[in-house]
Amino acid sequence: MCALACCNMAIVDNLMDSTQNSRPSKILASYSVPALLDEVYGRLVPIWPDAHPLLHYRSCFELLVAVILSAQTTDEQVNSVTDELFNRYPDAHSLAHAEISEVERIIHPVGFFHVKARHIIEAAQMIEARFDGKLPPSFDQLLELPGVGRKTANLVASACHEVPGIIVDTHVLRVLCRLGISPKKDPSLAESIVRAHLAPEKHTHFSYSVNRHGKFTCTARKPACTQNGAPCPLEDICPKIGITSLKNCDAE
């Protein structure tokens, strides 16, 4: 309870101190954190109803590999290499026995290819040895795989095991920070806030709709607060932290 109370106070401070004008304080007076999350959900999900990754994959194992590769790069860049990768190594067994130099050659364009090649091969080896070549059945077991953090585990578990997932990637984190929902760019904190204040059945659709909003509208550079003469769907509830205010959402 104390952690959540402190977190809520941090959100209040973030909104109240973020600018010299009254916009954030007016928004804060109108919405509690649960109400603001529900409002965001209600506005964005109808616009972005597709709750699926933009990565190309044919199986849950391929999805896992693609998400590991997606760290600090774009979905488009990952999709440019996975056709060849998955044709060569379509399952855990084949990737577990792959030559790392060949995997590095294929995934070179995604960046950090030495580390990522090692992670996906070691993950495949663990899946083959411990899970009979099948995707680990639980969130906690997914977290044990090399290269898998909470974002990856939430995404894969929600897509493959049909459990609610709060998927906090760079786009989601940026939007939540600009809205004042997360007081700083901390994925674990942002996930805990959403988990505490939004109904579980909304978690997955919320994550994907906010992801699309961040990817295509509330972009890192030059966010489209107005696009073709029309305001962003969140314009009237967004304090624009890091855009027009003193705080910088791109800083820790």
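Heads up, the Cβ atoms here are built off N, Cα and C, so glycines get one too.
What TrEMBL says about this protein:
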BINDING   CYS218, CYS225, CYS232, CYS238  [4Fe-4S] cluster binding site
DOMAIN    69-216  domain 'HhH-GPD'
Neighbouring C-beta atoms (10 Å sphere around the C-beta of CYS238 ([4Fe-4S] cluster binding site)): 24
Mean predicted confidence [pLDDT] for the domain 'HhH-GPD' (69-216): 97
Site of maximum Cβ density within 10 Å, from binding-site residues CYS218, CYS225, CYS232: CYS218
Remaining residues near the recorded [4Fe-4S] cluster site, that is with C-beta within 8 Å of the centroid of the site residues CYS218, CYS225, CYS232, CYS238: ARG178, THR217, PRO223, ALA224, PRO231, LEU234, GLU235, LYS240, ILE243
Residue counts (helix, strand, coil, in that order) that DSSP gives for the domain 'HhH-GPD' (69-216): 103 helix, 0 strand, 45 coil
